[in-house]
């Protein structure tokens, strides 16, 4: 049976590195070409060999490729493979030979240095990421949910840094450097009455005095269109920077959300192999710090806890009616809380305005009651929401999102109620400014001491001080109105106090300061002092304070995240009226980072329900985007609705704040540009542009929906495939396929047609394996690891196809099988006869055919087809231990030279080169002489395969050239078992005796492993080193022959243990006789000698190489070069079931 010529390159072999290739070149005269296990082409190896940038390695690779090109004719490869390797070698030489020049070498060295510099620079920049190690430490102990808060805080810190640079560089610094100095104008001068209390704590706390007339607020900036020698347009810059703050915030938020969305779509789902990935792939082997290792271990434990909670939440059963009722009650309570908080804030703001109108001097509480009440509601309400959320019984992540949404609504309600009350105050101040402007006009037309007579119609009586005379007397002006009479009494110098933009900025900054104070107080009271009480009073208290009330504090993710959103909303809302508010927020966030991180690591404990946070944190960003939009609306409304103050600010004298843009275009730009801007801002252009934008948004949204749908379909497909793989693995693990197969079907599969390149599946259909990938695909499953009762077939398969496989399957045959059924002695001359074809089923029996088929090698028949077909069903083999721990030594491959065949007799192992590629089964009857060449049956089905043999060494008769075996160092167990001690004792007994090889007929049968590439070859079951006699091999006489290799089967224990027999030297003319007497000069049955005739084997041989030419005799096989041995991987040892 001859294999196809291309099958030699089909099976994948173990990959070798470039270094191993070069070592093989030095120690061998012919270079072997092997492919990596997962590659079917030679390009990967060539690129791997030639990709090195080292000139020395490039030179060695080029020399190697040139040697390959020169010796390509001598290699036993198919022509297609030779042409492919030759073409690739030429390409590599042409591509990399130019690198050996001096210029190319300098360029390569410079490029390598530049890459190293960039890598070092990147590592250096990473060191400057703020608070990275602190956040990693928190994440390792408290999980990704708590760490997401600090990551979000750091990101907000970066945004505020940019906002501070924008306002500072374009607004604050130009005003300080080129604007009017302090005290030069009315808006920058403190009244004489206020100088006495300007430095009092009460005044500073209310942001009055010197703070009011500083760059912190809007009123300090001058209204000059151009300042300094360069003519810097400060009013225009103030307006554009105010708008740029909102634009930049929108852009950076949307960009971050888009990036996170792409990352979440590109990332794999964590629902598959959750615990395996965390258990086996989570450790970072680059950790060299004990503290970092401890943090990483804590992080792995936390991630496993998160995964366990995820699985528990999926399986939790719920009562639908009770759950819906509780959720309705919880939402009603939340709505009542929100309504009450909004009413309280509006009530406090209205009361504060009345007190300001009625009382001349306000107390400290009356000045700050609005900010204090807002901060108290902000601190208390989230805890109430958390108690309500416990009724809903949502998943922890869903609970967090509901909690975030409710707290967000609370904060927005607080801010909007505050801003509405402030806008009412702004409206009244705008009315006062209008009255003051009317008074100025009328005062210019009449003497200052004149008193107007009120008319009979409704009049507006206003008492306004004369700012020009700086006196305390009041002048009554009668102004006709269509409404009611309003009396507004203003103190002296009221024009300076009626700057509503400064008032809004003061309220926002005051609210931020008080919020920071309450945050620090809550951390100290709720976390620190609470932790101290629990820690030191738990021993002397009536109950356990750690497990019951008050317990240690837990880090509330929803409350703290929304607090950051609320704080940033205040900054956006007041940034236009207080340019230094982002700078203050930077300092606040720095303090909050250190204080919160210290409190978490010192005072808090991890949440009882640790859960995984969202990987992208897009929910946080979506809330922040929503807050940005809602906080931008009041500012835009105030800019568009109210007239700017007349006596303060850069827009004084303008009808609207945004008029500064049109004024600048009219005065500072040419006329054609003004006309273009007017045309672009007309409805003729604006409306079509808006329609086009809407259509574009709809189109992009449609594409996004379709891509999202496709992504979900692909994700479901991947998940389905993984589920199928899991099912297959489970079925293979329990041996479901093998258990369900009846015995007669197994026998019919063992007796298929003997075509080497075809195999028949269980459904009867013939299938030809693929030339390249068939072997790998056929070997890719893992079978049952325990013996089955319907046949002693142990199936262990490696996922990678190996070059040579031998599998032995044992079964019990009846005692009445006559010895005449066994084949006759070997006839070394091929004859023309039909091959041994076993019957296709158990019921069909035929006579054994002892003749040879032409073009077939002489081999030994281990049994006949009739014996196989007449056997009883499989009987289980009793193992005392599993076949799991089979120790073997590393695989060493050396060149082998020819030695004298009679140097050590026939017992010495004989090795030949690679054998033909085919799958062959040999029926082995243990105590019967092997006389006839076996005929190959077809390849076994995948469910009947056994683990690949551990080591494969081929032994051949004396008429073939033989090579000497060098003994490796054996691996002994530090605690030998009783059987091993008996073997060692018997070994010491052998040392005292002569080391002359004995006849096999004098030895007791021993358990053997049938591993080999040919049926007529002798088999060694040990890992061996090969060394030629000329290289200095010396026989170790201190060890008995049986101890040259000791196979440690820790989990395999046969019914009886025997020593391996010594092999007696034979001459060439005694070959046939030795084969008859000693069962092919190798091994007898491994069971009891009395029942050894009942043991029958099917020896399965997979060989990768091509057949030799027809008619070639092994006795005339010459080897002019060193022969490469067919060795298997170290994980291919198979124990035969006896």
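Count begins at 1; order follows the chain as displayed.
Glycine is treated like the rest: Cβ placed from N, Cα and C.
According to the topological domain annotation in Swiss-Prot, residue 75 and residue 227 sit on the same side of the membrane. The candidates are 272, 487; Swiss-Prot tags 272 with the feature N-linked glycosylation site.
Among the ranges 593-613, 656-676, 677-697, the one that Swiss-Prot lists as transmembrane segment is 677-697. Which of 549-569, 570-590, 717-737 counts as transmembrane segment depends on Swiss-Prot, and there it is 570-590. Between the listed ranges 1034-1064, 1065-1095, Swiss-Prot ties the annotation region 'Disordered' to 1065-1095. In terms of DSSP secondary structure, the topological domain 'Extracellular' (177-202) contains 11 helix, 0 strand, 15 coil. When the stretches 156-176, 203-223, 619-639 are ranked by Cβ pairs under 8 Å to the transmembrane segment (234-254), first place goes to 156-176. In summary, the transmembrane segment (203-223) lies against the transmembrane segment (156-176): three or more C-beta pairs, each 6 or more positions apart in sequence, are under 8 Å. Each residue of the topological domain 'Extracellular' (391-401) gets a DSSP state, and the totals for helix, strand and coil are 6 helix, 0 strand, 5 coil. Broken down with DSSP, the topological domain 'Extracellular' (530-569) shows 21 helix, 2 strand, 17 coil. Segment contact is absent for the transmembrane segment (402-422) and the transmembrane segment (156-176), given fewer than three CB pairs below 8 angstroms at sequence separation of 6 or more. Secondary structure of the topological domain 'Cytoplasmic' (224-233) per DSSP (helix as H, G, I; strand as E, B; remaining residues coil): 0 helix, 2 strand, 8 coil. The stretch in closest packing with the transmembrane segment (328-348), judged by the count of Cβ pairs under 8 Å and taken from 156-176, 370-390, 570-590, is 370-390.
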